[in-house]
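Q: Right, I'll just put the structure down here and ask away after.
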Amino acid sequence: MNILQTKGYDELSQKAAEFIISKVRQNPEIKLGLATGGTPQGLYDKLIHDHKQNFTSYQKVTTFNLDEYVGLEKDHPNSYHFFMKKTLFDHIDIEPSNTYIPNGEVEDLDAECLRYEKNIEELGGIDLQILGIGSNGHIGFNEPGTSFQSMTHIVELTQSTREANARFFNKPEDVPTQAITMGIKSIMNAKEIVLLVSGESKKEAIKQLLSEKVTEQFPASILNTHPNVTVIVDEEALPKLELNAEKGA
Ligand SMILES: O=P(O)(O)OC[C@H]1O[C@](O)(CO)[C@@H](O)[C@@H]1O
């Protein structure tokens, strides 16, 4: 795992944006895996800024989002469909038909999971997956205990994840109880992964990740076994001294 440490959130977002922009410029038909949540918002702002200033084009880019709540309509302000439109897609030149997000509104959710995996496979797989991490180590909505062999599936959200995400909803009880998420294997199938880790609330999570102990009780730990992962982490999540200690410096 390559670790890139930044001073704060703004620098983290900038570094992540530079990384992604260079990949998009190298391969204009890149398949990007996208994440939601608070962490990538700064990155998406920087991508929009760059698109307007430097005209980086997303016309041929395809995106796959990690997850979606079950039961929220696409235009519900808390759905990840809505989040992606408002936070990124509406502000760049991407073709809406090239943006894939699991559909949490369908009746047959199992069929939707299969369909989503098939879409990814038929389009040649994900080249670069952007990830955030939950404070309990979840990636996508894969909670502790999820099989490392899992593909896209339906999950019951843990109380701690519902509480962490309650800040985006009017009332804590409005947070859905289920989500549809790419599985750990679907994430690991990406050719390259960039994990963004920001803020004090992620201190324990990054520490556990860097301990290199691989266990299904801490889903992100599997990233230690992927051949091409870059972690961009700010000093609030990982103070400089601790990084040096991890490296044995
Ligand atoms: O970036 P945040 O808001 O801390 O969320 C961390 C992770 O939790 C999720 O939002 C799911 O709860 C992921 O999509 C995200 O990567």
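Every residue gets a Cβ built from N, Cα and C, even glycine.
What TrEMBL says about a protein is an automatic prediction, not a curated fact.
From a predicted model like this one, the values you see are computed outputs, not experimental measurements.
As listed in TrEMBL for this protein:
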DOMAIN    11-226  domain 'Glucosamine/galactosamine-6-phosphate isomerase'
ACT_SITE  D67  active site, proton acceptor
ACT_SITE  N136  active site, for ring-opening step
ACT_SITE  H138  active site, proton acceptor
ACT_SITE  E143  active site, for ring-opening step
Q: Using C-alpha atoms only, work out the spacing between D67 (active site, proton acceptor) and H138 (active site, proton acceptor) and round it to an integer in Å.
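A: D67 (active site, proton acceptor) and H138 (active site, proton acceptor) have their Cα atoms 12 Å apart.
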Q: Whole-number Å only: compute the distance from the Cα of E143 (active site, for ring-opening step) to the Cα of N136 (active site, for ring-opening step).
A: 8
